Amino acid sequence: MSNLQNTTSSSIIFVLTGVPGLEAFHTWISIPFCFLYATALSGNSLVLFAIITQPSLHKPMYYFLSMLSTTDLGLSVSTLFTMLGIFWFNAREISFNACLSQMFFIKFFTVMESSVLLAMAFDRFVAISDPLRYAIILTDSRITQIGVAIVIRGTLTLTPMVALLTRLSYCHSRVLHHSYCFHPDVMKLSCTDTRLNNAVGLTAMISTVGVDSILIPFSYVLIIKTILSIASPEERKKAFSTCISHIGAVAIFYIPLISLSFVHRFGKRAPAYVHTMIANTYLLIPPVMNPIIYSVKTKQICRAVIKILHSKDT
């Protein structure tokens, strides 16, 4: 019994996995991942800097966009060191406490991104359905309250899920199947009953990402209903164009998530490296694409970014 208890101590070392079967090509594989990380970090930092420094962007829509960029930065940094550590230095070992911390922040920023996308959907609904009261409804203090609520929501739902892993005993293989700590992956290594962990983890995901995935489409049903009630075709087109960037952000967040779920469920015969590559890119697609989408589709962001880049050149 003492041996089982010892396996739950901070002395546990897990072994992360790179790309199974392609270990000889890790250096080459790291090149596109380095490019993706560089794009995610620089793009979101630039958008965040533009919103902070440009007074013309101090509006509710851009405050929510700054939250999204902050979330994407956190999500990128959460996996950066372990993933590139494996590809560059074959540094595959990670301590139990470090694993729990990484797992928490990956899940936390994922939940936070989903919550921010929901808040942005609410922002678009208010802007289109009640434009005259938009500034009254979404005041700076209310946006701050929404941001705090998003952080509290993620913390309260995810802390029990991660904390419950400390009660498990790990007496099987310590090899994880991803290049970062993934909650189901860690549970599979336990030799004790994980039903409570499964229930808490499932509840956490359903009550956050699951609920958001229902409320966001519902908000767009209301938005589309409002847009169709507008008499002028030109005004309808203008109203819908303000939602394009957000729809793109929602798509690049949920489509990879759904694709990953389908691969895990129905692609069991696929090579192991396919699962690993999809899991790795899933966490990088939103942070890479969001700043590109908003810079291309939102004129104010595009102008602010160009202005900042031009000022640096001069």
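Each Cβ is built from the backbone N, Cα and C atoms, and glycine gets one as well.
Database features (TrEMBL):
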DOMAIN    43-294  domain 'G-protein coupled receptors family 1 profile'
TRANSMEM  29-52  transmembrane segment
TRANSMEM  73-91  transmembrane segment
TRANSMEM  103-122  transmembrane segment
TRANSMEM  143-165  transmembrane segment
TRANSMEM  199-223  transmembrane segment
TRANSMEM  244-266  transmembrane segment
TRANSMEM  272-293  transmembrane segment
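Counting residues 6+ beyond its ends, the transmembrane segment (73-91) has Cβ neighbours under 8 Å at 16-18, 26-27, 29-30, 33-34, 37, 40-41, 44-45, 48, 102, 105-106, 108-110, 112-113, 179-181, 280, 283-284, 286-287 in the same chain. The transmembrane segment (244-266) is in contact with the transmembrane segment (103-122), judged by 3+ CB-CB distances under 8 Å for residue pairs 6 or more apart in sequence.
Panel annotation: around the transmembrane segment (143-165), residues 60, 63-64, 67, 100, 103-104, 107-108, 111-112, 115-116, 119, 183, 186-187, 196-197, 200-201, 204, 207-208 of the same chain, lying at least six beyond its termini, place a Cβ under 8 Å from a Cβ of the stretch. Across the domain 'G-protein coupled receptors family 1 profile' (43-294), the prediction's mean pLDDT works out to 90.
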